Every structure is written in C-alpha cells, then in structure tokens.
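Engineer: Handing you a structure now.
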C-alpha cells in the first residue's frame, strides 16, 4: 500500500494526511515553473492577440516567460497552488489507504478493483473540495500583461473575490467536470501504478522499500499518468481559463479545439506536463514516505519514553 513504511507500527490516518500535504507543498514549490510552462503551452493558439509570442519547448517557454514577463511570473499562482495541495493532495493521497481498506472488506491482499475504487473515491472528494483553488491557480498562471492585455487579477485573494462577485460564486467551481475526470484518471493511475510498482519491486526483491524504490515507482507512475490524463488536462485548462460565454460547455470546448487546432492540440504541453508530474511525483512520494517514517519513529520514541 502507499501508506506502508519501514517502521513496525503502521502510520495513522492523521500522519498520512499531514505527510501528504507537506510533501505535496514541497513538490509544488520546486516544480511550479514547469506547471506554469505547461499551462501557457496548453492555451497557446487559443487567442490570436497573443500570437506575437510563441512558446517552443519547456526551456524555451520558461526562458521566454522570464524575459518577457519577469522571473516571478513563473511562480504566479503559487499561493493558490499551495492551498490546492493542502486541501486536495492531503486528502486524495492521505486517505487512499484508509478508503482502500474499506473496499477490501477483510481481504488479506487488496485487489486491483479495491485500489481503483479507492482512487476514484478520494480523487472525486478532493476535486470538489479543492476546485476553487484550481480555478484561481490556472487563471493567475495564464494571465499576461503583454500586447495590451490588462491582468484580470492582482493576486490570489483578489482573484477569489473578483470571480465570485463578477461571475458568480459557482464560477469558483467552473470546470469541475473535466477536472473531476482528469483527477480521477490521475489519482487512479498515479496511486495504483505507484502502489503496484512499489509492491512488485519489493516483493520480487529487486529493490528494498527505500528511496530508490520510491523514486522508480513514482517516475513510472508519473509517465503513465501524464499519458492518460493529457487530453482532459488541456480541455480543463482551456475551459477554466475562458471568459464567460466563450465555450457553451466542456464538450463544446473540446470540439472547438479539435476543429480549429486538430487532435494534437489535446497533447499540447505534454513534455512540461510529464517533467512536472514526473518530478512532482518523485519529490512528493519520496518525501511522503520519509516523513511518515520519521513521524512514526518519533511517536514510538515518545511512547517508549512515557
């Protein structure tokens, strides 16, 4: 299981939730420029007014952003991103083992079905709770002051207020459907692949349950997740970032992309998306496993002392 550590005592649900939140925030801080590059590539070609600047490749996108809008633009939306990890990743990852045990129904070895069911459940709940932070994060990453475009928002909390007052409170949940589909795919693929890879490596004595095992499992999980979730991710980003009335619905957004830009539009930003998700997975899972272990060892030490 994702929650298994090398300590004798299994981590509590609270330890898992806390560890997942902290590890996810650390991973977000380190990989956020890649996420911003992914968003910019995904919306490229949507508005003719921004056609003066073209983003080419991961490094090209990052350097172009830094030169034209300043290095800090790479971290625009980070506060909302951290809020997202606290409300989203802590639940979808931290609750995974607990929910999986519920679906296992006393079975000694969790089935693939119980793993997928756990991923679907925790991913769905986390998306609904964390969607407002996702909307604000994407819009702050996407907005640009170039070519006469006036930024819609001056900061994180200003974005929450303007979206709620000028559009509607429900607009903070805009794009919930594609984001739900995206994160159900991500959660199931990411956690189940990591779980299966880690179990196979340890069970077959290829690697011990330590950093190298966590690294390999997380990287493979990141690639599989990016491949399956990319089309939905691009549609989600376009729909969330769109002004009111641009797209009639999520299917209309997808169809507009297909007819105007072709099928390759659904894989825009794939490389930065994989680099971001792959590195995010490695950092998050390695820190998650280590933090859980240290917290449980500290707890055992305190219990022994008392």
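Using the three backbone atoms N, Cα and C, a Cβ is placed for every residue, glycine included.
Pasting the feature list from Swiss-Prot:
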type	residues	note
TOPO_DOM	1-10	topological domain 'Mitochondrial intermembrane'
TRANSMEM	11-32	transmembrane segment
REPEAT	11-102	repeat 'Solcar 1'
TOPO_DOM	33-73	topological domain 'Mitochondrial matrix'
BINDING	56, 268	fatty acid 16:0 binding site
TRANSMEM	74-96	transmembrane segment
TOPO_DOM	97-115	topological domain 'Mitochondrial intermembrane'
REPEAT	110-200	repeat 'Solcar 2'
TRANSMEM	116-132	transmembrane segment
TOPO_DOM	133-177	topological domain 'Mitochondrial matrix'
TRANSMEM	178-194	transmembrane segment
TOPO_DOM	195-211	topological domain 'Mitochondrial intermembrane'
REPEAT	209-294	repeat 'Solcar 3'
TRANSMEM	212-231	transmembrane segment
TOPO_DOM	232-265	topological domain 'Mitochondrial matrix'
MOD_RES	253	cysteine sulfenic acid (-SOH)
TRANSMEM	266-288	transmembrane segment
TOPO_DOM	289-306	topological domain 'Mitochondrial intermembrane'
Engineer: Helix, strand or coil: which one is residue 268 (fatty acid 16:0 binding site) in, per DSSP?
Structural biologist: coil
Engineer: Across the repeat 'Solcar 1' (11-102), what are the DSSP residue counts per state (helix, strand, coil)?
Structural biologist: 75 helix, 0 strand, 17 coil
Engineer: Starting from each candidate's C-beta and looking 10 angstroms out, tell me which of the binding-site residues 56, 268 has the most other C-beta atoms.
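Structural biologist: Its Cβ has the most other Cβ atoms within 10 Å: 268.
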Engineer: Of the stretches 116-132, 212-231, 266-288, which racks up the most C-beta pairs under 8 Å with the transmembrane segment (178-194)?
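Structural biologist: Selected stretch: 116-132, with the most Cβ pairs under 8 Å.
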Engineer: I'd like the Cβ neighbour count for the residue listed as 'cysteine sulfenic acid (-SOH)', meaning other Cβ atoms within 10 Å of its Cβ, all protein chains included.
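Structural biologist: Step by step: centre on the Cβ of the residue listed as 'cysteine sulfenic acid (-SOH)', count other Cβ atoms within 10 Å, giving 23.
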Engineer: Give the nonlocal contacts of the transmembrane segment (266-288) in its own chain as ranges (CB under 8 Å, at least six residues past its ends).
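Structural biologist: Residues 19-20, 22-24, 26-28, 30-31, 34-35, 37-42, 44-45, 57-58, 61, 89, 93, 190, 194, 211, 214-215, 217-219, 221-223, 225-226, 230-231, 233-235, 254, 257-258 contact the transmembrane segment (266-288) from elsewhere in the chain.
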Engineer: Quick one: DSSP breakdown of the repeat 'Solcar 2' (110-200) into helix, strand and coil?
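Structural biologist: In the repeat 'Solcar 2' (110-200), the DSSP-based counts are 76 helix, 0 strand, 15 coil.
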Engineer: Whole-number answer please: how many Å between the C-alpha atoms of residue 56 (fatty acid 16:0 binding site) and residue 253 (cysteine sulfenic acid (-SOH))?
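Structural biologist: With distance taken Cα to Cα, residue 253 (cysteine sulfenic acid (-SOH)) is 24 Å from residue 56 (fatty acid 16:0 binding site).
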Engineer: Does DSSP give residue 253 (cysteine sulfenic acid (-SOH)) helix, strand or coil?
Structural biologist: helix
